[in-house]
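**Q** Dropping the structure in here first, questions after.
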């Protein structure tokens with residue numbers, strides 16, 4: 001039982017916030033591609049795929065960080081740096097979760113299967129970027145957004161649809177914004193051990209850049225709504241998101257670690273709010 005608990009911690013099954021943040025834009029894409037009537041077996045496949053692939057991403061992330069996590073207060077007790085899970089076990093778990101994700105995508109179509117290989121590559125690449133660039137959050141944004149063209153493809157959507165790629169870019173902006181809040185919690189430790197992040201790159205302008213990224217996200221989501229002819233309820237949900245983003249800024253204004261982490265967590269409500277507005281729009 002202790003080993004299962006360690007695996008759950010390594011895969012973040014016990015902390016599903018990252019899976020939710022990946023799930024919401026995936027569901028946005030399914031609903032947009034299907035004009036509000038997605039095939040329910042695809043909804044199930046993608047929700048399961050989100051949780052399995054995000055868990056695989058967490059495992060490979062901790063494997064990549066195994067040499068430095070022991071020097072960071074927040075991560076020093078994770079299964080790998082503490083020795084509760086071996087490197088071999090971590091790699092086997094990553095492979096198992098990746099295979100599970102691939103089995104799920106086999107229930108879609110060839111085009112989506114081919115797109116999934118790009119998604120796997122992005123998920124495996126992201127954890128190593130923090131050693132080479134101050135923009136690892138950009139690579140996370142690309143990895144978290146790749147489910148969007150996959151969802152469009154599985155639903156039979158047009159991959160040249162501008163709404164698809166606007167949603168892709170909007171989600172990249174949103175991901176960089178909320179993961180910068182997350183990186184702000186580790187900034188003092190990261191500076192000591194040489195790990196790079198947007199929180200370090202943006203420095204004293206971190207909150208200003210986050211606000212700009214959130215503004216770009218909402219602008220693109222508004223444009224998508226106009227192009228799709230969505231109901232006014234969708235735009236109300238975006239106005240609510242403005243309030244949620246302001247609350248995050250106000251909460252993190254003093255850059256307290258716990259406050260920044262709460263601002264990161266609050267983005268689950270943003271994703272949920274946009275989804276509710278989208279679903280409500282298609283019901284009207």
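Backbone N, Cα and C define each Cβ position, glycine as well.
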**Q** If you check Swiss-Prot, which stretch out of 134-154, 260-280 is marked transmembrane segment?
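**A** Here Swiss-Prot associates transmembrane segment with the stretch 134-154.
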**Q** Out of 112-132, 164-184, 200-220, which stretch touches the transmembrane segment (13-32) the most, going by CB pairs under 8 Å?
**A** 164-184
